[in-house]
Amino acid sequence: MVEQKEASIVDMLEQSNSLLPHIVLASTLLALVHPPSFTWFTTRYYAPALGFLMFAVGVNSSEKDFLEAFNMPAAILAGYVGQFVVKPILGYLFGIISVSVFGLPTPIGAGIMLVSCVSGAQLSNYATFLTDPPMAPLSIVMTSMSTATAVFVTPLLSLLLIGKRLPVDVKGMVSSIMQIVVAPIAAGLLLNRLFPQISGVIRPFLPPLSVLVTACCVGAPLAINVDSVMSPFGVTVVSLIIAFHLSAFVVGYYFTGFVFHKASDLKALQRTLSYETGMQSSLLALALANRFFKDPLVAVPPAISTVIMSLMGFSLVMIWAKKKE
């Protein structure tokens, strides 16, 4: 009886990830209605929070997941192109539009571009799992590859897109991404490999803690920037961020349909690559904006993107999951 009770508690902890879409929405509403709920979670916590989420990804990853997914190299390449070619082009276009058409300050355009330069979001893996579970390993590999190479690609893309507008500290970004992303994932994988018993003990506690951390990471940027977001200036930025993410989701979906039109599991593949292209680690962009750009306005688009990307991604989960039923 005691063993059964312990097992049910462990199951509850492990299944807490299923609450994530609802938690994201609740965090957004709470941040808007009562900002002090999240303002204590200041910018100094962003990097450690992201590091924890990366560590959780490492602990929950295995070589088997990656080996299975590597049987689809063309899909992995398409996901990478969506992440680091299609998305930066869209980010550059919307960044230019924000300044030249809407007359927004240059740092806002730079912030939109910065959002488009970062790696895929781990939330895309979970969104894929909720919609098409067999595609989850492929999503993990695509996100992991973009995350691992972001240490070089993100600073170079930032220099290419933003460098002429604002100074970009490439060396600093490389070092920061190594500390925030690469090191925690490597630590999680090593813990999994060398100390599986310890991994087994802490693994059930990672989902609820990850949900809590994600809630803070979604709510805090919105709460801290609530005045900017609710101003006429903020409404324009929100509209541009929505348009940017919507474009990325749509292009990812139809680009996949065009390239893999003969695939047997085409619809599942389209949904997976749509998530991968439309969702990225806006929190990493926010951490980089706060650390490497003097103008605080650069951080506004990543802060808004953190919320918009999560809400749009999980809205698609609900729409596509219903259609499958």
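Keep in mind that glycine also has a Cβ here, set from the backbone N, Cα and C atoms.
Only residues 6 or more beyond the boundaries of the transmembrane segment (20-39), in the same chain, are considered here, and those with a CB under 8 A from a CB of the stretch are 123, 126, 130, 211, 214-216, 218-220, 222-224, 226, 230, 307, 310-311, 314, 317-318. The transmembrane segment annotation in TrEMBL covers 20-39 (among others).
According to TrEMBL, the transmembrane segment annotation covers 74-102 (among others).
As annotated by TrEMBL, transmembrane segment applies to 108-128 (among others). For the transmembrane segment (108-128), the residues of the chain that approach it from at least six positions outside its boundaries are 17, 20, 53-54, 57, 79, 83, 87-88, 90-92, 94-96, 98-99, 135-136, 138-140, 142-143, 146-147, 149-150, 153-154, 157-158, 161-162, 165-166, 181, 214, 237, 240-241, 244, 271-272, 275-276, 278-282, 284-285, 288-289, 293, 297-302, 305, 309-310, 313-314, 316-317, judged by C-beta separation under 8 angstroms.
Summarising the annotation, TrEMBL assigns transmembrane segment to 140-162 (among others). Through the fold, the transmembrane segment (140-162) approaches residues 54, 57, 61, 65-66, 69-70, 75-76, 79-80, 83-84, 88, 91-92, 95, 110, 113-114, 116-122, 124-125, 168, 170-171, 173-174, 177-178, 181-182, 185, 272-273, 276, 281, 284, 288 of its own chain, all at least 6 residues removed from its boundaries and within a Cβ separation under 8 Å.
Residues or ranges marked as transmembrane segment in TrEMBL: 174-192 (among others). For the transmembrane segment (174-192), the list of distant contacts is 47, 50-52, 54-62, 119, 144, 147-148, 150-152, 154-155, 198-199, 284, 287-288, 291-292: same-chain residues at least six beyond its ends, Cβ to Cβ under 8 Å.
Long-range neighbours of the transmembrane segment (204-224) within the same chain, counting only residues 6 or more positions beyond its ends whose Cβ lies under 8 Å from a Cβ of the stretch, are 10, 13-17, 19-20, 23-24, 26-28, 30-32, 35-39, 41-43, 45-46, 49-50, 52-53, 56, 59-60, 123, 283, 286, 299, 302-304, 306-307, 310. Annotated transmembrane segment per TrEMBL: 204-224 (among others), in sequence order.
The transmembrane segment feature in TrEMBL is assigned to 236-260 (among others).
Remote same-chain residues near the transmembrane segment (299-321) are listed as 20-21, 24-25, 28, 31, 43, 108, 111-112, 114-115, 121, 123-124, 127, 130-131, 217-218, 221-222, 224-225, 228-229, 234, 237-238, 240-242, 244-246, 249, 271, 274-275, 278-280, 282-283, 285-286, 289-290, 293 (criterion: CB distance under 8 Å, separation of at least six residues from the stretch ends). What TrEMBL lists as transmembrane segment is 299-321 (among others).
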